[in-house]
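Going by TrEMBL, these are the annotated features:
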type	residues	note
ACT_SITE	Arg151	active site
ACT_SITE	Lys175	active site
ACT_SITE	His243	active site
ACT_SITE	Arg246	active site
ACT_SITE	His269	active site
ACT_SITE	Tyr278	active site, O-(3'-phospho-DNA)-tyrosine intermediate
DOMAIN	5-91	domain 'Core-binding (CB)'
DOMAIN	112-291	domain 'Tyr recombinase'
Amino acid sequence: MNSDSPLQPAVEGFLRYLKVERQLSLLTQKSYSHQLSVLVTLADEMKISDWAKLDAAQVRSLAARSRRAGLQPASLALRLSALRSFLDWLVGQGQLKANPAKGIATPRAPRHLPKNIDVDEMNQLLEIDLNDPLAVRDRAMLEIMYGAGLRLAELVGIDCRHLDLASGEVWVTGKGSKERRLPIGATAVSWVEQWMALRDFFAPDDDALFLSSQGKRISMRNVQKRFAEWGVKQGVNSHIHPHKLRHSFATHMLESSGDLRAVQELLGHANLSTTQIYTHLDFQHLASVYDAAHPRAKRGKS
């Protein structure tokens, strides 16, 4: 901290407030202290000597200097958030009329495209060694997860009464407690039936479809652990986690059907924009289709 800066006393008052009144964790206090210390240094370089005179243009300059110094969008968003909280406190203390950082847009971090498992790897993953009942359970979980594109919480939340194996459907409760009915495919139905034939051996104490070895509803952590272990055992290059199966379901469905709206419904996305990220996943597939089909893509011909 720059103790000589005229801006420092107000920052120290805010940090005391976070510690004594808000009783925030030490880690959070340190984060605020670090971000505000850097901002004080930048403000000193800009000849800003009074927080009460800070305006929106100067806030933008502080953000721009941080960005030029190499700060990534996510970290810059954190810095601006700390500044907003500090300036809100100054407004509450009567030291500032309005918060000049309120209208400053927070930069968005680039959205990373979800990775999926290709069809060959998926087939390799699913051909697991069925040497015990838990392996049959895991195969059923893998099949229904990939067959319906479920979220992890949706998978572990399935009760036996949510299944209609005759019609090949399952009812799940997604985000916002929204229910949806989904087809799971004939292969998943077959493996769920095989698991159901073994399920009673675990003396279940509730209606949960998928059980732990103790007969209780399987936990999300247990599913994550089992899927990762099967990925290693099956020699699949991709790190296997439940959400990757959901990504793979969406990608393979979209690649085969091209029906974005239907995939949105199956995934339970409230907004189509959430589903649209999957349209960017298969550029290699699209490029190969283009090369094979478009008359101007025939290279080497005149």
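In case you wondered, yes, glycine gets a Cβ from its N, Cα and C as well.
Distribution of TrEMBL features across the structure.
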residue	record	DSSP (3 states)
Arg151	active site	coil
Lys175	active site	helix
His243	active site	helix
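Each of the active-site residues Arg151, Lys175, His243 was scored by the number of other CB atoms within 10 Å of its CB, and the largest score is that of Arg151. Listed in sequence order, the active-site residues from Arg151, His243, Arg246 having a Cα within 10 Å of the Cα of Lys175 (active site) are Arg151. With DSSP states grouped into helix (H, G, I), strand (E, B) and coil, the domain 'Core-binding (CB)' (5-91) comes out at 68 helix, 0 strand, 19 coil. The separation of Arg151 (active site) from Arg246 (active site), Cα to Cα, is 7 Å. Rounded to a whole value, the Cα-Cα separation of His243 (active site) and Arg151 (active site) is 7 Å. Counting every protein chain shown, the number of other Cβ atoms lying within 10 Å of the Cβ of Arg246 (active site) is 22.
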